[in-house]
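Engineer: So TrEMBL lists these for the protein:
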- 1-11: compositional bias 'Low complexity' (COMPBIAS)
- 12-28: compositional bias 'Basic and acidic residues' (COMPBIAS)
- 29-39: compositional bias 'Polar residues' (COMPBIAS)
- 1-44: region 'Disordered' (REGION)
- 119-141: transmembrane segment (TRANSMEM)
- 147-166: transmembrane segment (TRANSMEM)
- 178-198: transmembrane segment (TRANSMEM)
- 242-264: transmembrane segment (TRANSMEM)
- 310-332: transmembrane segment (TRANSMEM)
- 358-378: transmembrane segment (TRANSMEM)
- 385-406: transmembrane segment (TRANSMEM)
- 418-438: transmembrane segment (TRANSMEM)
- 450-471: transmembrane segment (TRANSMEM)
- 483-504: transmembrane segment (TRANSMEM)
Amino acid sequence: MSSSAARYRALSARDARQDPDHDSDHNDTVSLNESSETVGGNGQLSWLGRATQRVAFWPPPTTGVKSSPLEQDLVRRLDIFLMTFGCISQAHRYLDQTNISSAYVSGMKEDLELYGDELNYFTTFFSISYCLMLIPSQVIITYVRPSYWLPGLEIGWGFVTAFIAFTQNARQVYALRVLLGLFESSAWPGMMTLFMYWYTPMELAKRMGFYHSCQALGSMMSGALQVAILETLEGTWGLRGWRWLFIINGIMTLAIGLAGFFMIPDYPKLPNPGAFWLSADHAAMATVRLDRHGRSDTKRITWDSAKRTFSMWIAYFIPALYIATVLAPYGYNYFNLFLKSLKNPDGTPTWTTEEVNAIPIAGGAINIVCVWIWAILSDVFQTRWTLVVAQAIIGLIPCTIMSVWTSHPDTTPLSSAYASYLMTYLSLGTAPLVMSWLSELLPQDSEARTLIIGYSIAGVYAVLSWSQVLIWPASQAPYYAYAWQLSIVFWLLVIVMCIALRIAERKLKRPRAHSALLNEDDTSATYRDIPES
């Protein structure tokens, strides 16, 4: 019997002794008592228990298994600490990535004499280093505690971000963008990997969606922060406003990195001793939740597990699908270049610099709301593929309109271009669904899941390192030669791949469901149905 199972039985027995109305027929449900940190000696909730009871993103879902007070408290604490750190970190990570675009349209282009495709090359250098470090970082995170590795990287990229403020030419920016890519490489895939260990299938997509939506929050913050800086700090201490953007962003990132040392819980079977909010009973409950849903805990990635993963067809299919979902709506990243390019009949800019930074905030707001909606629907209806296909169908509409507008801008209303850019934000909620789908396809293979997440993100940045220069060159903005047409192709590919994966999944689940009925143990006796995706 494992230590977690032994702790489970001991706590369940204690619960039975303390509860005179305890029904022995409910032994197949989780009935753990509150831990000593949550319940005081008089049976009342402690201050931390009361605080976490009041604050949570949403109540734990109904799963068919009786949810104990300890389990509910665990989910609340994960939401308050792990999710809070992840979301704030994600917002600032994306702020770090997108503020280069905000700075570009706010004076950086003129100050550093960036009159070619330097903006594209900033992304290229970042993407190359990000791609090269990502998979090694996913391996390292199985050997080094995430509570050390992830905050350490965050502190590193905070310093690098601040240093960009003092660059004098494009070459210096290129060098710092390479370092930024190295430090940021493990943030998104590392957090997605942790979510798979701590949240159940009925909870996972919502949390991933909430986390992923903070990308849009970071983009919104970049525009809003640049507007505020231009109005308040422009010229202060002899520095342009766009330079202050990097300084302030870097300081904020350093503070977040320091908080990560105690807000990240590490793994259920290897909890972070510095996480004051996570008791031994909470960790034991997390392990029980893994067992109940047929999930395995973390294992170190070895050459054998890497070779096994390389031999899986899904190790190539999921990354290809994920890459297609990222490339298809990629035009939204250049909404501000579209706005900056517009001119009045007299040749003056249609929008001021502040407005060019502020208007895309509306798109970010649309993105956040839609990502939440897609993720919540996914968990409520326990389906992934249908909602990815729905987003692909929606995404085809603006891509088709923009394909016409870029070819015939004089005869196509400009309002259709505005509407298309904003509509593109509706289909940016695919990533949480694809990653949740991966978690369900490989519930027992944590090493493969960790590596495939790495492959997926590395694949995206590998493709972006060269494709965006060719497909979305800044010198062509906003009349791209064939970018929107390629987006149509990618969305159609997403639809075909989702249908194919769904067919393969149904074939895989039949033997797995039969095996689960035969082999389930008494700690997971009520978990009999493999959720439909």
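Positions of Cβ are set from backbone N, Cα and C atoms, glycine also.
Thinking about packing and proximity, how do these listed features fit into the structure?
Structural biologist: Distant neighbours of the transmembrane segment (119-141): 97, 100-101, 104, 109, 149-150, 153, 170, 173-174, 177-182, 184-186, 189-190, 193, 301, 450-451, 453-455, 457-459, 461-462, 464-466, 468-469, 472-474; these residues of the same chain sit at least 6 beyond its ends, with a Cβ under 8 Å from one of its Cβ atoms.
Through the fold, the transmembrane segment (242-264) approaches residues 81-82, 84-85, 88-89, 92, 95-96, 99, 102-103, 106-108, 111, 146-148, 150-155, 157-166, 194, 222, 225-226, 229, 233-234, 236, 272, 274-276 of its own chain, all at least 6 residues removed from its boundaries and within a Cβ separation under 8 Å.
Under 8 Å from some Cβ of the transmembrane segment (310-332) lie the Cβ atoms of residues 363, 388, 392, 395, 399, 402, 421, 424-425, 427-428, 430-431, 434, 437-438, 441-442, 448, 451-452, 455-457, 459-460, 463-464, 467-468, 471-472, 480, 483-484, 486-487, 490-491, 493-494, 497-498, 501, all in the same chain and six or more residues away from its ends.
Sequence-distant neighbours of the transmembrane segment (358-378) (same chain, 6+ residues past either end, Cβ-Cβ under 8 Å): 205-206, 208-210, 212-213, 215-217, 219-220, 223-224, 227, 332, 335-336, 339, 351, 384, 387, 391, 421-422, 424-430, 432-433, 436.
Through the fold, the transmembrane segment (385-406) approaches residues 325, 328-329, 331, 374, 377-378, 412, 416-417, 419-421, 423-424, 426-430, 433-434, 437, 478-480, 483-485, 487-488, 491-492, 494-495, 498-499, 501-502, 505, 533 of its own chain, all at least 6 residues removed from its boundaries and within a Cβ separation under 8 Å.
Residues 192, 196, 201, 204-205, 208-209, 211-213, 216, 314, 318, 321-322, 325-326, 328-329, 331-332, 335, 338, 362-364, 366-367, 370-371, 373-375, 378, 384-385, 387-388, 391-392, 394-395, 397-399, 401-402, 405, 449, 452-453, 456, 494, 501, 533 of the same chain sit 6 or more residues outside the transmembrane segment (418-438) yet have a Cβ under 8 Å from a Cβ within it.
Counting only same-chain residues 6+ beyond the ends of the transmembrane segment (450-471), those with a CB under 8 A from a CB of the stretch are 117, 120-121, 123-124, 127-128, 130-131, 134-135, 137-139, 141-142, 181, 188-189, 192-193, 301, 305-306, 309, 314-316, 318-320, 322-323, 326-327, 330, 434-435, 438, 442, 480, 482-483, 486.
Long-range neighbours of the transmembrane segment (483-504) within the same chain, counting only residues 6 or more positions beyond its ends whose Cβ lies under 8 Å from a Cβ of the stretch, are 317, 320-321, 324-325, 327-331, 385, 388-389, 392-393, 395-396, 399-400, 402-403, 406, 430, 437, 471-472, 533.
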Engineer: What parts of the chain pack near the transmembrane segment (178-198), using Cβ distances under 8 Å and only residues at least 6 beyond its ends?
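Structural biologist: Cβ under 8 Å, 6 or more out: 78, 82, 86, 89-90, 93, 96-97, 125-134, 137-138, 140-141, 146, 149-150, 153-154, 156-157, 160-161, 164, 204, 207-208, 211, 264-265, 267-268, 286, 290, 295, 297-298, 435, 439, 446, 449-450, 453-454, 456-457, 461.
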